[in-house]
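Listed features, source TrEMBL:
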type	residues	note
DOMAIN	1-144	domain 'Beta-mannosidase-like galactose-binding'
DOMAIN	284-404	domain 'Glycoside hydrolase family 2 catalytic'
DOMAIN	643-736	domain 'Mannosidase Ig/CBM-like'
DOMAIN	740-818	domain 'Beta-mannosidase Ig-fold'
């Protein structure tokens, strides 16, 4: 396994070599019967020469492009086909060497990443040369399908459907674009019929296809007497799609029938002045409704893309939806995901913020490079624009910030050269193609950006992190993460996060006994973020006692557990801050309308910012996300000794609810005091203050309580089973908690239909109770919770067949008091 121990370094020689893939094949049809025969590569990774029968057909230099070679005159009955690859590492180095006029930084990744140099000089998955959460595996190969196409007269290359709502007519319309290759020297006429039975819509068009490659665009008006159900994000409605048949009947050649799904949704990115605040808003209207964006950032699910199956994608994306997420950002240092990825997002209602594949670097803009990028962008937009899940195109990750904050120490005198290149690449090329190919969704040039303000400042703003405009990325590992005042009260938080270690069962698969310590060579080797392990240690130290066990493996497991507790608690605090800031402006800041933490998934087994481990196992953070992204949630914070509770709602109507506030002493399962506040109005799609009390008054009211001896829990309850998750607020660090007792935690497991029931019991209050069943694939209904009652039932949803015996044997129960 390339992921085993230190194999990423041991196998480096593979990517330094050049590799050739070849085979002999028999043509399964009579070549003479076809006017045109093409050899089509959906994806070649990356730099290669393609030959058939020793004749060079052409070269490839872009992993994200589709290549089609005309082999009409070269194909025989028996053929020898070769793909001769050049090492991506040596190609990138050579390209950089040839760029003599000025350097294009960064040259190399930081040494801690154990990576390769000049990734920005090759149109290849940027993180395959290493990243701060992933290994360097610069692959060489055929990473997508290859096929031979033979046709007469005409051939359909791309086919897409995009919907628009025409306000003046109060009617939906569907734009159908078809890109053809017409072989004959004369135009071909014919009829195209579009049929959407569920919407009583059928239209026939007369068309004429011109010789060569070209496109036709048909505008279908949806029958006004039909009720169109729009596509809604997860948690806001259904994801209705309509079966559509498009039939091409031409004078010459075959009849083509395309079966596809038509989705109806509108998206607009609203950037408008806000009363009482400098700057502009930054939020998404979906079908005319402002939607608070909840989710995370997606990275490639594996260094080896062919291991990413439909099931891999389904598991990860379903886990996102199950944690109440409605959006993911496909980050610009990976790949444009496979078709199935976007199909699943369409089905689950996960909105996609789609970066173009440029990240944390400056890029060349010579003619060859730009031509390759133009082909890539045009191909990807045509391939993907039918997906309602994609709500935004974004030019790059952090490259505006890289210039604005001068990450690469560029002398002021040379700045203009790089700004000119920046505008050339993202504005004059990428943006221009996107606007020409797809008018159905917004485009921004970078993230973080100041949106319209960046445009006004010539596309590179003075401070892309300005909270008054656009989106922000925010990382601070040194400050105490429980302190909400360190977080930016931004319009949109598109990246923020903290690291943790994956479970022991995940690490175990790629390590050996001597690796199982927080300070082993292996633990250092897997940590690709400078001082990452120390930063976790420091952050844990603010609130928790560090493990002191003399058993090294127990100490390692305790450390893993604490990093996951710390990460979950940090990102909970930060996300809740973003959610409760959505409806208010304080000192000119606020109206936060998005929270996408960094990051959803992992590329290998290592410490990272992810909430889902490699293989799909949920970290504690992912269980927390299920709660902090809940559609209805009470959120507490303290300011100057006063406790505030906000009611946060993504629901479409106002609700009258009861707020229950229960205070416990750490030493007892009996509540110290209970308060129920009735008639609390939680406004639709907003965050409103619903409770306020000074901590001193609260401690007074709940006699026997001090900050160190008590904890506050609270939830919202309404009619008809409407209920928020139980939330809690700590009054002191848990390392200072008084009265915590060693609890006897136990669980009995039983099966009920296709799920398993874990009946938990405790003898004392138990913070951060974690259930872990090792490498048995599945997830719990709840985990990492504060157990304040004697009994609790947790459901286990298996992803593969298992049994009560297996689960009992694999189960580890841990709470904070078990860490000694």
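Using the three backbone atoms N, Cα and C, a Cβ is placed for every residue, glycine included.
The DSSP breakdown of the domain 'Beta-mannosidase Ig-fold' (740-818), given as helix, strand and coil counts, is 10 helix, 38 strand, 31 coil.
According to DSSP, the secondary structure content of the domain 'Glycoside hydrolase family 2 catalytic' (284-404) in residues is 50 helix, 28 strand, 43 coil. Residue counts for the domain 'Mannosidase Ig/CBM-like' (643-736) by DSSP state, with H, G and I taken as helix and E and B as strand, are 13 helix, 52 strand, 29 coil. Helix first, then strand, then coil: DSSP counts for the domain 'Beta-mannosidase-like galactose-binding' (1-144) stand at 32 helix, 46 strand, 66 coil.
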